[in-house]
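Per TrEMBL, the features are:
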{"type": "DOMAIN", "residues": "B:78-270", "note": "domain 'ABC transmembrane type-1'"}
{"type": "TRANSMEM", "residues": "B:20-41", "note": "transmembrane segment"}
{"type": "TRANSMEM", "residues": "B:77-102", "note": "transmembrane segment"}
{"type": "TRANSMEM", "residues": "B:114-134", "note": "transmembrane segment"}
{"type": "TRANSMEM", "residues": "B:146-169", "note": "transmembrane segment"}
{"type": "TRANSMEM", "residues": "B:190-213", "note": "transmembrane segment"}
{"type": "TRANSMEM", "residues": "B:248-270", "note": "transmembrane segment"}
Amino acid sequence: MSMPSAAGAHSAASGPSAQARRWRQRHSASAFLMLSPWLIGLVVLTIGPMAMSLWLSFTNFDLLTTPDFVGTRNYAYMLRDPRFAQSLWVTFIYVAVSVPLKLVVALALALLLAKASFGIGPYRAIFYLPSLLGGSVATAIVWRIVFGADGIFNVALGWFGIEGRSWISTPDTALSTLIALSIWQFGAPMVIFLAALKQIPADLYEAAAIDGAGPARMFFSITLPLLTPIVFFNLVLQVINAFQTFTPSYVISGGTGGPSDTTLLYSLYLYLEAFTKLRMGYASAMAWVLLAIIGIITAALFITSGRWVFYADKGDRT
Amino acid sequence: MSVAAPHHRRPARPETVRQVVLFVLALALIYPLLWLVFASLRPEALIFSDPTGLPLPPTGENYIKGWTGTGQSFGLYIVNSIILCGVSVIGNVLACSMVGYVFARLDFPFRKTLFALMLATIMLPHQVTLIPQYTLFRELGWVDTYLPMIVPKFLAVDAFFVFLIVQFVRSIPRELDEAALIDGCGPFATYWRIIFPLLLPALVTTAIFTFLWTYDDFFSQLIYITSPEKFTVPLGLRVFLDTTGESAYGAMLAMSVVALVPAVAFFLIFQKRIVDGVATSGLKG
């Protein structure tokens with residue numbers, strides 16, 4: 001930059017990086033060599049299995065004998081399979097209730113914590129801990145007992161004069177214990193919200209205060225719009241994860257999805273079909289339907305996001 | 001100044017309310033875990049009779065009973081889990097960092113396409129590859145070994161960590177690798193000697209989360225491991241679920257405490273790094 005030459009200021013300025021660029025291109029053989037573990041994994045463990053599982057979904061396959069082509073029979077059977085309908089229903093409720101509630105709690109606690117004048121660090125850690133432990137078998141065991149007939153949840157209700165029951169083994173309430181376990185893990189999205197709250201420039205609030213805005217107005221006009229990209233990110237992530245929840249429903253129902261299939265989350269039903277009944281063709285079809293559902297919902301979220309997700313930098317560019 | 005004043009003059013009360021709310025919430029949130037620890041230290045017969053009090057005097061009988069309660073020592077499950085997690089960590093740290101470096105720094109044909117594919121695999125539900133993978137590993141004779149869980153880590157299948165490292169490498173000044181270029185280093189030497197050591201913070205995050213997620217990966221362990229002597233911690237706990245009614249709750253609770261100890265210990269040691277990792281990279285935690 002400081003010495004424009006005959007070659008011209010522009011190319012002189014880009015000299016070293018152009019050289020580096022050439023160097024990077026010259027090594028594309030090495031690049032592929034270093035990528036090879038990942039490329040092998042991509043072909044052998046992802047793309048190949050995806051293709052094969054799509055094919056298996058049109059077969060009867062019991063793992064031991066050769067797959068037997070049956071056309072679309074697995075997909076047709078799904079429409080008639082009451083357990084499939086039940087597991088889909090249970091999973092939709094689980095996702096539709098647990099994800100929004102979890103995000104609302106996460107945002108509320110992030111707001112509360114952001115304003116605290118001390119103790120932010122320790123509380124952030126304590127609130128996050130359930131997210132770290134929540135997917136484990138041990139936690140699900142605790143849940144099973146806490147919400148059992150003799151569990152502490154009923155003891156706590158007793159203090160308020162409410163009569164308890166076995167929340168786990170009552171069909172009407174079993175799923176809500178799974179939802180509660182999911183909401184209990186609000187810490188991860190809360191931590192992400194908290195980090196985003198710190199990014200909001202304080203002068204926006206100061207300007208709003210000059211204009212006489214109250215806390216509610218500030219929340220809906222400044223905080224929430226600026227957080228929408230994070231809300232969107234958390235929403236997509238949580239929805240995709242929630243659709244695949246397995247361990248809690250397995251442990252809390254003792255591997256059955258009971259009582260009366262009310263905790264039969266999709267992944268558990270798929271597991272039972274594949275690995276206890278060895279209906280691998282049907283399970284493959286279920287996997288593809290799951291992929292389609294997740295894909296459609298994610299796509300819908302992305303498409304509608306234009307209407308409610310606010311990107312500050314987009315506004316600045318105009 | 002006059003505008004900021006009302007904020008400063010606000011009485012301490014909202015802060016007190018806030019602190020009380022936070023404290024009560026934190027206690028309620030952690031209570032199931034506290035209850036677990038207390039219950040595990042009570043005599044079997046008293047677990048449910050006095051559910052809120054402190055276990056006085058504490059007894060270790062549930063731990064003694066639980067440690068050998070599944071026919072195998074629970075210590076064996078812990079050792080198995082640690083081996084599985086340890087090797088997985090090595091695989092992810094080496095493979096994901098190398099692949100991440102290539103994506104972040106080198107130019108090669110189809111770079112953008114492959115990068116997009118890598119990102120797409122982050123979101124891919126594992127069920128779609130599950131059955132063919134299982135069939136493949138079965139053909140290879142890998143069922144009832146840890147290989148189906150370990151080998152994918154050495155093939156950088158956990159694309160999330162590749163992405164994490166790509167982001168981190170991009171934050172390292174290019175001058176550092178270009179200096180290596182002048183020294184005539186090849187890409188691998190540049191990665192190994194220059195980039196890899198600088199990646200330490202990202203590698204620690206990768207290692208911590210690989211350890212914790214592998215430790216809790218009940219599903220893979222459930223489908224691939226069948227011999228009791230190869231059981232990991234989650235599978236050991238499952239034995240209690242399968243074999244017992246209320247009669248062995250004490251042992252099951254005690255071993256649940258044992259199962260949570262490594263994760264909680266990790267959390268206490270790396271608390272700041274874990275929470276910051278979630279905050280900055282959106283790790284699903």
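Placement of Cβ uses the backbone N, Cα and C atoms for every residue, glycine included.
When Cβ-Cβ distances under 8 Å to the transmembrane segment (B:248-270) are tallied for each of B:20-41, B:77-102, B:114-134, B:146-169, B:190-213, the top count falls to B:20-41. Residues 99, 103, 143, 148, 157, 159-160, 162-163, 166, 223-224 of the same chain lie 6+ residues outside the transmembrane segment (B:114-134) yet bring a C-beta within less than 8 angstroms of a C-beta in it. Under 8 Å from some Cβ of the transmembrane segment (B:190-213) lie the Cβ atoms of residues 85-86, 88-89, 92-93, 96-98, 101-102, 105, 153, 158, 161, 164-165, 168-169, 172, 176-177, 179-181, 263, 266, 270, 273-274, 277, 281, 283, all in the same chain and six or more residues away from its ends.
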